[in-house]
Amino acid sequence: MTSRWIFGLVFLVCAGLLAVAFYMEHVMGLEPCPLCWLQRFGFMGAGLVSLLAFLHGPRGFGNRVYGLLLIVAAGAGLAVAGRQLWLQSLPADQVPACGPSVDYMLEVLPWFEVLQTALKGTGDCAEVVWRFLGLSIPGWTAVFFSLLIVLGLFVMLRRYSPRDWLQS
């Protein structure tokens, strides 16, 4: 499988995961917390990088650059998912207080303060509202971000032959 098709697959996975997030929000009625929003941005970043790589069809060094960008986007998302998993593991008396919604913060606070508040997480972020096979939503996003990092590493570290370049 060429790197171009790997990036295409990553884009489709990211688009599918974002569709699931919007389904959970608008159909199931789950309100996303600030860390959930940041994880969505991680998937958007990884998806955008992958779409650009798929459309560009890079060779050699270009694959490594796109692979690195994919790793950076997925790594940031994994860090945010890890933060939320940590908040969910805290005892009830150590959970931070609930904060305002993201929409409200965007209306009244500067962007930098919204980002700082979102990265800290709130009590909303510590609440487990849904599970599948024993994992909460940030658990599943951590699994998918880890998979994206592995695919980014694969694209970066694999050896490229002229035959691969012709199939891009």
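Just so you know, glycine gets a Cβ as well, placed from its N, Cα and C.
Values in this document were obtained by computation on a predicted structure and should not be read as measured data.
Look at Swiss-Prot and you will find Cys33-Cys36, Cys98-Cys125 tagged as disulfide bond. The topological domain 'Cytoplasmic' feature in Swiss-Prot is assigned to 1-6, 59-65, 159-168; the stated evidence is sequence analysis. What Swiss-Prot lists as topological domain 'Periplasmic' is 24-41, 83-139, and the listing cites sequence analysis. What Swiss-Prot lists as transmembrane segment is 7-23, 42-58, 66-82, 140-158.
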Sparsest Cβ surroundings (other CB atoms within 10 Å) among the disulfide-bonded residues Cys33, Cys36: Cys36
For the transmembrane segment (140-158), distant same-chain residues with Cβ under 8 A (at least six beyond the ends): 3, 6-7, 10, 13-14, 17, 39, 42-43, 46, 63-64, 66-68, 70-71, 73-75, 77-78, 81-82, 85, 132
Mapped DSSP class for Cys33 (disulfide bond), helix or strand or coil: coil
